[in-house]
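Positions annotated as transmembrane segment by TrEMBL: 23-43, 50-78, 98-116, 128-146, 152-172, 184-204, 232-254, 266-287, 299-320, 391-411, 431-462.
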Amino acid sequence: MTYRQANLTSYATTSSEQQQPPLLGWLAIVGLVLVVVVSTFAAGAAARPIYIVSTLGVGIFLYLRYPLLYIGLVWWMWFLTPFISRLIDYRSGFDASRFILVSQYLVTLLTLHTTLKNLPQSSRKGGMPFILAFLGVFYGFLIGFVKTTPFTAARGMLDWLTPISFAFFIFIKWREYPQYRQSMIRIFLWGVLVTGIYGVFQFVTAPEWDRYWLESTKLKSFGDPEPLKIRVWSTMASPGPFASMMMTGLLLLFTSTEFMRIPAAAAGYLAFLLTMVRTLWGCWFVGVLTLLSSLKPKIQMRLMVTVLVMAICVVPLTTMEPFSEAIATRLETLSNLEKDNSAQVRQEIYRDGFTKAMTNILGNGIGNTFIVNEKGVLEPIVIDSGILDMFFTLGWFGAIFYLGGLILLLFQVFQFTEPSFDPFMAAARAIALASFASLPLGSAMLGVSGMMLWGFLAIVLAGHKYYVKQRNPGIN
C-alpha cells in the first residue's frame, strides 16, 4: 500500500476513515446527554452521583466497543464537566469538594487496562519514554503514600498518572492513526467553537451560575464576578487549563479544511485573549513558529494564507469594545513586567524555591500539593512552575525518570520527517513543544494540560509508526 503526501486542504483517506460511527455508540452518547440534562435540572444534589455513574458506564461501553467514540467522550468530559458542576452547584448548593470532577479521571483512566496489558513489552516498540515516566510517577506515589496521607497521594496520583495512561492508549492504537487524526481534528474544532462562544458570553454577561460559583470559592485570580471583569475560563475549571485547551485547538485549526474553522477561530482567539494567560499566548506563538518550520515550502504558503484569513476575521473583534480595553491592558503589562504583580510572584517562587527543589533528593511525594482543611475538604497548593513541581514532588530519583521520559519522547518526535507532509503531525508536534515551553511557568504536565502535552506527543509517535508500516509492510 502506498501513501500520499498530505497537505493543508486534503488528507489521504482510507475506507475505514469514511465509515460512519456505529449506531449503538451514538445512541449511548445521546442517552447520556439526556440523563445529564434531566438530572442537572431536576435531580438536585443527586445529579452529582448520577453524572459520575452514568459517564463511567457509557465510558466503559465505548472503551470496549468503540474506541474512537471513547476518545471523543474523554475530551468532551474534560471540556464540559466543570461547567456541569457549576450548574448543579447553582441549582442545589455549592459543593466545596467538587467531587463530581473525579468523573473525568475515572473515565480517562479506563485506559489503564490497555496500558498495564501492553506497557511491559512496549520497550522495544517505542514505548520506553512511557515506561520511564510511569516509573517516576510510581516512585513519587510511594514517597507520597509515606510522607503525606494515602488520601492526598491518591488524589495527586490522578493528576500525574492520567495523562500518561491516556497518551499510551493513543500510542498503542497507531494502526488506526488516520481515524484518530480525523477524530482529534473534529473534536477540537467543535471544542474551540463551543467553548470559545461560551467564553465570550461569559465575559460579556457573567452568567449567574458562574458568578455564584466565583463568589462561593472566593477566588480573586479569576477577576470580579461582574460583566466585563471576569478572566474567562469558559466551561472549564480555571483560565489556565482553558487557555491550554484553546491554544491546542487553535493550532489544530490550521490543519482543518471545514468551513466551521473560521467561526471557531473567531470565537476561539477572542476567548483565548480574554483568559489573560500571557504565558500561553507566548506558547501559542512558539507553536506557530514550530508548525511553520516543520512544513514544506508549498504547504507553508497555504498555512500563511490560512493565518491571513483568520487574522482578517479575528483582529477586528479584538479592537472592538468591550473587548479591546481588557486585552490592551493585559498586553501592556508585557512591556512593564517590573510593575506586574504576577511576574514578581513567579520571580519570588523561583528565588525561594529553586534551591530547595534542586536539593530535594527523595522528594516530598505525590500528594504534597494538597492539604485537608478544617472542614475535611481537599485544597490544592498551587506551584506556578512545572519544573519546581517535578523536583519538589518526585525528587531527583523520580524526576530523572519522569523528565527523562518526557525529553526522550520530545527528542524522538523531532527526528521524524513525516510532519513535513502531514500537517496534523506537524501541528501535534508544535502543540507538544508549546506545552513543554510552558512548564517553567505552570504545571502543564498535570491534569487536562498534561493530557495535551503527553497526548499529542503520543499521536505524533503513533503517526510515525503508521507511516513506517506503510513503507515497510513486513515490520510489526
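The backbone N, Cα and C atoms fix where each Cβ goes, glycine too.
Keep in mind the model is a prediction, meaning the values are calculated, not measured.
Looking at which of 23-43, 98-116, 128-146, 232-254, 391-411 has the most CB pairs under 8 Å to the transmembrane segment (152-172), the answer is the stretch 98-116. The stretch with the most CB contacts under 8 Å to the transmembrane segment (299-320), chosen from 232-254, 266-287, 391-411, is 266-287.
Take the transmembrane segment (232-254) and the stretches 50-78, 98-116, 431-462: counting Cβ pairs under 8 Å, 431-462 has the most.
The stretch in 50-78, 266-287, 391-411, 431-462 that contributes the largest number of Cβ pairs under 8 Å to the transmembrane segment (128-146) is 391-411.
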